[in-house]
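Per Swiss-Prot, the feature active site, pros-phosphohistidine intermediate maps to His117; the stated evidence is sequence analysis. Under the heading ATP binding site, Swiss-Prot lists Lys11, Phe59, Arg87, Thr93, Arg104, Asn114, citing sequence analysis as support.
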Amino acid sequence: MAVERTLSIIKPDAVQKNAIGAILGRFEKAGLRIAAAKMLHLSRDDAGGFYAVHQARPFYGELCDFMSSGPVLVTVLEGEGAIAKNRDLMGATNPKDAAAGTIRADFADSIDANAVHGSDSAETAAWEISYFFGQREIFAH
């Protein structure tokens, strides 16, 4: 299996719950390494640019409002099969559908306030990582 990089965002709801350490610990326990990290308070424009792919969807405005409502922790995770591994750790988008023991089952409140974001493909990961990080900010292990 190839070593990959994926973007993960710990969203405002999980930051407010002081769940950053618990979530990062799950990534590390699963064999993912943190190659980059920064805490940010996104502007609505920042959130809108990041989620531009969803611009035509009915939830876009609320998503941008939520993602700019408080600080987030943006990380680049690295490891074998990192994209799929991160998505498995996160669980289903709607925490009501998330398997027990996943991040969303344990920390999310709703489909909107669902604790974490993770890239869904290698192409998306490359774009998402470049949205937040320059090459000099990412460190291979």
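Positions of Cβ are set from backbone N, Cα and C atoms, glycine also.
Long-range C-beta contacts of Lys11 (ATP binding site), restricted to its own chain and to partners at least six residues apart, with a cutoff below 8 Å, comprise Phe66, Met67, Val72, Ala113, Asn114, Ala115, Val116, His117. Arg104 (ATP binding site) is surrounded by 23 other CB atoms, counting those within 10 A of its CB over all protein chains shown. Neighbour counts were taken as the number of other C-beta atoms within 10 angstroms of each residue's C-beta; across the recorded positions Thr93, His117, the minimum falls on Thr93. The DSSP secondary structure for Arg104 (ATP binding site) is helix. In three-state terms derived from DSSP, Phe59 (ATP binding site) belongs to neither a helical nor a strand segment and is classed as coil. Take the CB of Asn114 (ATP binding site) and look out to 10 A: across all protein chains shown you find 23 other CB atoms. Shown are the binding-site residues Phe59, Arg87; of these, the residue with the fewest other Cβ atoms within 10 Å is Phe59.
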